[in-house]
Amino acid sequence: MKDRSSTPPLHVHVDENTPVHVHIKKLPKPSAASSQKSHKRGMKGDTVNVRRSVRVKTKVPWMPPGKSSARHVGCKWENPPHCLEITPPSSEKLVSVMRLSDLSTEDDDSGHCKMNRYDKKIDSLMNAVGCLKSEVKMQKGERQMAKRFLEERKEELEEVAHELAETEHENTVLRHNIERIKEEKDFTMLQKKHLQQEKECLMSKLVEAEMDGAAAAKQVMALKDTIGKLKTEKQMTCTDINTLTRQKELLLQKLSTFEETNRTLRDLLREQHCKEDSERLMEQQGALLKRLAEADSEKARLLLLLQDKDKEVEELLQEIQCEKAQAKTASELSKSMESMRGHLQAQLRCKEAENSRLCMQIKNLERSGNQHKAEVEAIMEQLKELKQKGDRDKETLKKAIRAQKERAEKSEEYAEQLHVQLADKDLYVAEALSTLESWRSRYNQVVKDKGDLELEIIVLNDRVTDLVNQQQSLEEKMREDRDSLVERLHRQTAEYSAFKLENERLKASFAPMEDKLNQAHLEVQQLKASVKNYEGMIDNYKSQVMKTRLEADEVAAQLERCDKENKMLKDEMNKEIEAARRQFQSQLADLQQLPDILKITEAKLAECQDQLQGYERKNIDLTAIISDLRSRIEHQGDKLELAREKHQASQKENKQLSQKVDELERKLEATSTQNVEFLQVIAKREEAIHQAQLRLEEKTRECGSLARQLESAIEDARRQVEQTKEQALSKERAAQSKILDLETQLSRTKTELGQLRRTRDDVDRRYQSRLQDLKDRLEQSESTNRSMQNYVQFLKSSYANVFGDGPYTSSYLTSSPIRSRSPPA
């Protein structure tokens, strides 16, 4: 193996559920010396700490007697192309240690190449899905742009409708004004006649009032004269009293007649005001009715326009919904493809992780089997050594019994250790059998999972066939749509050519119409200028009429004031007359107080005369104002008649010109609307044709790309399924072969263990029989020794008795060989 001092150690800590792929360069075949060196190094080499998803139960390996504990000694597994060293982890840190040079295989390289291919294919599918998502986003953006365009169009339509309503309102106002002017012109003649009649009535009433006022003034003058005479004459006669009473009665009559004339004048003025108010109310009512009729017509027209716009909006919404449905189907297909891809990826990763785990577990089982083989070989060597030692012991037993006793005790201890080790081995074998059963159950679970995966693969294949059928149906629908669009294109091209011919013909007929229209515009401008002049004249006349009306209202107010003052004067006069009557009736006897009363009456008469003079002046001013107003009204009536005649003539001309202009405008509007509609229809159809062509090209490209992607995905899926099947079958075969090998090895180890147990039992029996023989021999030798000692003692006693105690006996005892042969105490 290579020198690993140059490369530093690499420690990787990963979660338990994440699979780890380790790529390591392949090493040359290791030599025996290098393997021994690497075995001695242990944890000092370049190692990788990999936390596996499945924790392996780490046990302390069995150590033969006479060696130290191998808790931190690594296990080694060698193969001609590979080498693997594993240091069992401590109980505190369950971390498996692997060498970087022990996991490099050609299968891993091929698997990683396949994984890279799968990743590339997945990236291509992700790119395709991203393209589809971007296209869906583009379609969403186009839909949002279309919605915004529709909203802008709606706002423009609302603005246009508002402008149309304003223009229509202005037109209605202008029409109402023109109609009012016409009605005023029609009603002026009747009003003139009615005014003349009212003027005559008012003049007659005013003359009557003036006459009554003059008569009252004469009566007042007569009263003044009589009062003056009474002043000069201190005594009143019966004639004077009669004249006073007559004059008073005449005054009362004149005042009553004046009151009646004033009442009639007030009634006439009230009737006139009521008539004017009723006429105004009728005019306002007619105008309101006309406005209501026009508003109803405009409302109906706007409702029709709104219905048309609602229909267009509904059609556009239906198109948008169709596009949304298509986008939803596309997004659902993309989501299903993504989910299928993710599911397949997850399954592939899970299966690869399970395969890697199974490979690691199989390698661990092989290592444990190799360890068991090494331990069995060590046990066999130990048994051979024990046999050799037994032979040696047999040879040495003959030489020294005491040494055999000590060795027998040692051998008994060693036999006890062997019994303990055999019990441990039995436990280890039972654990190995339990692990084998667990591996068999796991293998059965893997087989079941494989069956489930095969069922899922069948379901996925069915789903792929369904998707292919759906794609074929979509392609057929797209072909049908494309054929229908091509037919529409042909129709629209034919209609476009017809519209072009009609447009050229209309353009040819449009030039003379433009000349006529320019002439009509000039005439309309002239008429508008004349109409503006007439409108200015009419406004001036209206202002003058309003001024005269205001002046008439002021005069009527002044007349009402005069009436009120006259009433007040009449009331005061009545009160004074009644007081005078009472005074005359009560104070006829008291003639002494007449001068005071006369003075008071003279003062009151002077005040009344002053008031009458003021009223006369006011009457004169009012008559002058009324005469001025009459002259102004007559002059304005003449002007109004002239203006009416001119206006009627201008109206006739305006009507004729407006009829001509309306006809020309209608024709122009019809032609312009037709041209605009034709141009819009042509532009829309060209845009629709262009968009349809672009959509056809895009959809054909999308269909082609999707078909290619589906074919490639289906082929890749089939290849992957076949490869996974082949890999699973090969792995199953390898696992079955390994399991069979392990079972054969277990059976061999079991037979070897049975043989070892039998040999051990035989050895124990032989050893015990030999021990019994040795014990028997020892007892025999002891008995012979005792008998010999007894015999020697007998001889001693006999020699002592025969020869007596002397030096001869002592020397004889020291030199006797039997004494030397006896074992030391």
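Placed from the backbone N, Cα and C atoms, the Cβ positions cover glycine too.
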| task | Using Swiss-Prot as the reference, determine which range in 27-46, 247-266, 267-286, 387-406 is annotated region 'Disordered'. | result | 27-46
| note | If one consults Swiss-Prot for phosphoserine across S6, S69, S658, the residue flagged is S69
| task | Out of S110, S411, S783, S815, report back the residue that Swiss-Prot marks as phosphoserine. | result | S110
| request: Would you mind telling me which one of S104, S747, S820 Swiss-Prot calls phosphoserine? | output: S104
| said: If I look at Swiss-Prot, which residue among T105, T784 would I find recorded as phosphothreonine? | reply: T105
| field | Candidate set S134, S204, S434, S798, annotation phosphoserine, source Swiss-Prot, matching residue | value | S134
| request: Annotation phosphoserine in Swiss-Prot: match it to one of S68, S336, S484, S787, please. | output: S68
| said: With Cβ-Cβ distance below 8 Å and at least 6 positions apart along the chain, what are the contacts of S627 (phosphoserine)? List them in sequence order. | reply: none
| Entry from the modified residues list S134, T226 having the most other CB atoms no farther than 10 A | T226
| Near K133 (SUMO2 cross-link), how many other Cβ atoms are within 10 Å of its Cβ? | 14
| said: Give me the CA-CA distance between S256 (phosphoserine) and K133 (SUMO2 cross-link), in Å, as a whole number. | reply: 107
| Just the number: how many Å between the Cα atoms of S124 (phosphoserine) and K133 (SUMO2 cross-link)? | 14
| Across all chains shown, how many C-beta atoms besides its own are within 10 angstroms of the C-beta of S256 (phosphoserine)? | 12
| field | K133 (SUMO2 cross-link) and T226 (phosphothreonine), distance between Cα atoms, whole Å | value | 124
